[in-house]
Amino acid sequence: MTIRIAINGFGRIGRNVVRALYESGRRAEITVVAINELADAAGIAHLLKYDTSHGRFAWDVRQEREQLFVGDDAIRLLHEPTIAALPWRELAVDVVLDCTGVYGSREHGEAHLQAGAKKVLFSHPGGNDLDATVVYGVNQDELRAEHRIVSNASCTTNCIIPIIKLLDDAYGIESGTVTTIHSAMHDQQVIDAYHPDLRRTRAASQSIIPVDTKLAAGITRIFPQFNDRFEAIAVRVPTINVTAIDLSVTVKKPVKACEVNQLLQKAAQGAFHGIVDYTELPLVSTDFNHDPHSAIVDGTQTRVSGAHLIKTLVWCDNEWGFANRMLDTTLAMAAIGFRFDA
């Protein structure tokens, strides 16, 4: 069965979801029937075809009135600001991928369901009242048919959660800290301009900028046993894509750096293949652009202090890796069925 999806919000993640769908060869499993985006149709087509981070899309893209064509596939374009007014029932939408980065509450999810969608997947963290939060590769098996409003967590949560799980299972984590070194984002300024966060009033291309992060809460949402045992900070750096995460954890069992690397490399080749990758090459951030993994461990940067403090550096393409996980989670949601169809 082919899953019929609609995308609400066609920004960085929405466009990368479409690109990833076509590049990964999963069109027999997923069909995009509609895109809802307030921008004009010409702009939608142009930014899908040409991308500063990921290059020119290999597929032919054209726009005819309110239809977007990718190859021979026609996708209906909508410009509807009110979720409840979207024609999901008419279009027989199975799963809405809400990639606005704005909506994430149960109320917004239920509006999609009332419009006729069978299930909703948010591309960002949602509230505690959602049916589930999924980090694919770790907890997608906990999905149930009655889980209709789901969050795919965040790109950084998807990056770090598999590594935390591996280290905890092997050595027993007592506590940890996380520093996210994240590329600049759309909520920053090109030149100095007003913003409620005074640090984000400053030009994104000229400074390393500390910002707030809810990553510690995201870790606890997946692993409640770590409540009050993880802290996180984040800085934005003057690059346009790819993120590095510095993870430090204290563990119960004594360990050596080489043993940590052996554990993570084995996982990348085995149980976490396709989700986690491992490298010891002398690479930099641009080398991980367009990498589909959630996390790439840089084994050259692993350190252990006093046998119980582990430090690792983990890379991710915060756009491309996450877009691929959106597709994975969509398929997982569809595979368990639609118990409460609208």
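Glycine residues also receive a Cβ, built from the backbone N, Cα and C atoms like all the rest.
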Swiss-Prot has Ser154, Cys155, Thr156, Arg200, Thr213, Lys214 down as binding substrate; which of Arg89, Arg106, Arg229, Arg236 does it also list for that site?
Arg236
Determine which residues of this chain, when Arg12, Ile13, Asn318 are set aside, have a Cβ within 8 Å of the centroid of the NAD(+) site's Cβ atoms, and list them as they appear in the sequence.
Gly11, Asn16, Ser123, Cys155, Glu319, Phe322, Ala323
His182 (site 'Activates thiol group during catalysis') to Cys155 (substrate binding site): how many Å between their Cα atoms?
10
By the count of other Cβ atoms within 10 Å, pick out the sparsest of the recorded positions His182, Lys214, Arg236.
Lys214
Want to know which binding-site residues, from Ser154, Cys155, Thr156, Arg200, Lys214, Arg236, are within 10 Å of Asn318 (NAD(+) binding site) at Cα; which are they?
Ser154, Cys155, Thr156
Could you give the Cα-Cα distance between Arg12 (NAD(+) binding site) and Arg236 (substrate binding site), in whole Å?
17
